[in-house]
Amino acid sequence: MNRNPYSRYYVPGPSPWPFFVAISANGMAVGLILWLHRTPSFLLMGMSLVCMLLSTFSWWRDLIREGDIGFHTRFVIKSFRDGVALFILSEVMFFFTFFWTFFHNALSPSCELGMRWPPPGIRTPNPSSTSLFETGLLISSGLFATQAHKSMRLKDYEVGPFIGLVVTIVCGTVFFLVQLREYYWNSYTIADSVYGSVFYLLTGFHGMHVVVGTIWLMVSLVRLWRGEFSSQRHFGFEACIWYWHFVDVVWVALWCLVYVWFGGWLYMWWFKMWDGDVYTFKYPDAKPSWYAYIQEEHAPSWYKVPDHLKA
């Protein structure tokens with residue numbers, strides 16, 4: 001580790017960890033593809049996962065050492081801030097592509113989907129059940145993370161940050177376990193229509209980000225316990241909080257749009273509240289409308305499939 005005394009920035013020397021992380025990520029991706037094709041290689045996945053954990057741990061260790069030695073000047077911290085901000089922006093665009101796909105199919109369903117959304121045969125999850133509990137978990141975790149950061153800036157190194165981080169880690173862990181339970185009990189898979197594909201891509205990638213954020217919070221908790229943060233120098237902790245708030249916002253948007261609105265439940269609640277009479281005109285066949293897509297017993301005669309075609 002060498003730093004030019006005439007430069008404001010520190011350029012690290014050659015490191016093997018980016019190479020090992022890339023190789024591990026590639027191995028895990030290949031293992032995932034093999035698992036999707038029902039020819040899993042648990043040896044490849046296990047070796048890649050262990051290599052990823054060891055390489056990540058070593059990379060973080062070197063980065064922390066550089067900061068302890070004094071190589072991270074305020075100009076280097078500024079570049080870290082810009083880098084994390086751009087990273088979160090790239091993650092926003094990543095999820096934007098999936099939301100775009102969802103809206104493209106939900107706002108104008110094709111004839112292959114029966115020109116309905118949700119598509120026929122899809123029983124969408126109840127947004128006031130498991131997903132509402134998950135939403136409460138992430139919102140609560142965001143509040144505790146903010147409190148931990150505030151305590152850090154107020155030079156409370158003993159109680160506030162520890163309680164906030166521990167509760168946030170617990171909320172993230174419980175969220176991930178509850179999401180796995182939801183996947184187990186869902187009545188559709190990723191192969192069931194475009195709804196199933198987009199639903200599991202959105203919630204699955206969000207779950208992966210929750211796992212990454214929880215691991216980052218654990219690292220921040222260990223560094224806090226070792227006394228590596230102060231009220232003036234704690235950007236590693238602050239960047240972790242940024243990332244966790246990003247995870248919170250994505251889930252709230254996902255719950256409102258995928259579960260509540262385009263899951264069909266908002267229409268059902270609205271029509272139940274007004275008993276189907278939500279129109280200013282009184283056409284006899286217009287009353288069921290979207291309500292007919294959810295409650296078949298209220299469907300008009302022209303919507304029902306004739307008995308001689310059901311066979």
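Placement of Cβ uses the backbone N, Cα and C atoms for every residue, glycine included.
What TrEMBL lists as domain 'Heme-copper oxidase subunit III family profile' is 5-263.
Taken from TrEMBL, the feature transmembrane segment applies to 17-35 (among others).
As annotated by TrEMBL, transmembrane segment applies to 42-60 (among others). Under 8 Å from some Cβ of the transmembrane segment (42-60) lie the Cβ atoms of residues 15, 17-18, 20-21, 23-28, 30-32, 34-35, 219, all in the same chain and six or more residues away from its ends.
Panel annotation: around the transmembrane segment (84-107), residues 113, 117, 194-195, 198, 201-202, 205-206, 209, 239, 242-243, 246, 250, 253, 257-258, 262 of the same chain, lying at least six beyond its termini, place a Cβ under 8 Å from a Cβ of the stretch. The transmembrane segment feature in TrEMBL is assigned to 84-107 (among others).
Outside the transmembrane segment (159-178) by six or more residues, the chain places 130, 133-134, 137-138, 140-142, 144-152, 207, 210-211, 213-214, 217-218, 220-221, 224-225, 229, 237, 244 with a CB less than 8 A from a CB of the stretch. The transmembrane segment feature in TrEMBL is assigned to 159-178 (among others).
For 198-219 (among others), the entry in TrEMBL reads transmembrane segment.
As annotated by TrEMBL, transmembrane segment applies to 240-262 (among others).
Mean pLDDT for the domain 'Heme-copper oxidase subunit III family profile' (5-263) in this predicted model: 88. Note on the transmembrane segment (198-219): residues 60, 91, 94-95, 98-99, 101-102, 105, 138, 145, 165, 168-169, 172-173, 175-176, 179, 183, 188-190, 240, 243-244, 247, 250-251, 254, 258 of its chain, located 6 or more positions outside it, place their CB under 8 angstroms from a CB of the stretch. Within the chain carrying the transmembrane segment (17-35), a Cβ under 8 angstroms from the stretch's Cβ atoms is held by residues 41, 44-45, 47-49, 51-52, 54-56, 58-59, 62, all 6 or more beyond its ends.
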